[in-house]
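Asks: Quick one: structure below, then a few questions.
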Amino acid sequence: MTVTNYYIIGSFTVPSSWIALIVAFVVAYSAVRTRYGKKHAEILSDAFFYLVIVWKLSVILIDFSTVIRSPLTVLYFHGGILGFYFGLVFIIGKILWGVKKGRYHTDGLISLFSGAVLTQVVFQLLMVLLNEGEWVAQGMTIVVFTLFAVYFWLISGKSGNWTIQLALLFMAVHVFVASFQPKGLVGTPLITTIVNGILFAILFSLERRTENGMEE
């Protein structure tokens, strides 16, 4: 959904997307901690933390000349969409490194995936509530993502080989909803979902093969 409204918080004016993202992080963290425990929730919070840090500091690379002239720019500005992608790539690299070192097993990957899904779902719903837009796009976003969130939460709480299927369904649901939204299939939220969906589908597939190999 497109940002149409800005909100005043103290002495700062912030876009609706910032509010939606922060609240989405909090909800996802709380849900993961409730279901998977403090240890897995801390892994998720670390991912959020590094995403924000890289996003903020990426302004040094993106607008180096301005930062050199005024170092305090780092405190007030960020790397924009490109900086967000830098952060996303950094998190992916961190996850892959953790998997290689044996730090993330099935439970850890599931908790991270759940956090990514819930963050996206809550973000989408809040973007509808905090902004103005075409009613069909808003209606489809609320209905489809809400139904998916309920289904995801119920299925993810059960044992079984649901991980890869849910990763693929997550991407399919967002592609469907995005086709009704203003930015269509080129928006940053959808690209983030596709990247996360492919990443976790591959990781879950590799984890399943490893488990099957150990059983044999």
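Every residue, even glycine, has its Cβ placed from backbone N, Cα and C.
Below are the features I grabbed from TrEMBL:
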| type | residues | note |
| --- | --- | --- |
| TRANSMEM | 6-31 | transmembrane segment |
| TRANSMEM | 43-62 | transmembrane segment |
| TRANSMEM | 74-97 | transmembrane segment |
| TRANSMEM | 109-129 | transmembrane segment |
| TRANSMEM | 135-155 | transmembrane segment |
| TRANSMEM | 162-180 | transmembrane segment |
| TRANSMEM | 186-206 | transmembrane segment |
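Describe the structural surroundings of these features, if you would.
Replies: Below 8 angstroms of C-beta separation, residues 41, 44-45, 48, 114-116, 118-123, 126-127, 130-131, 153 of the same chain, each at least six residues beyond the ends of the transmembrane segment (6-31), sit close to that stretch.
Residues 25, 28-29, 32, 73-74, 77-80, 82-84, 86-88, 90-91, 94-95, 104, 108, 111-112, 115 of the same chain sit 6 or more residues outside the transmembrane segment (43-62) yet have a Cβ under 8 Å from a Cβ within it.
Nonlocal intrachain contacts for the transmembrane segment (109-129), taken as residues 6+ away from its ends with a CB within less than 8 angstroms of a stretch CB, comprise 1, 3, 16-17, 19-21, 23-25, 27-29, 31-32, 35-36, 40-41, 43-44, 47, 95, 99, 138, 141-142, 145-146, 148-149, 152, 156, 163, 166-167, 170, 174, 177, 189, 192-193, 196, 200, 203-204, 207.
If you look at the transmembrane segment (186-206), the same-chain residues 6 or more away from its ends with a CB under 8 A from one of its CBs are 81, 84-85, 88, 92, 95, 99, 109, 112-113, 116, 120, 123-124, 163-164, 167-168, 170-171, 174-175, 178.
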Asks: Sequence-remote contacts (6 or more beyond its ends) of the transmembrane segment (162-180), Cβ cut-off under 8 Å?
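Replies: Contacts with the transmembrane segment (162-180): 106, 109-110, 113, 117, 120, 124, 136-137, 140-141, 144-145, 148, 152, 155-156, 187, 189-190, 193-194, 196-198, 200-201, 204-205, 208.
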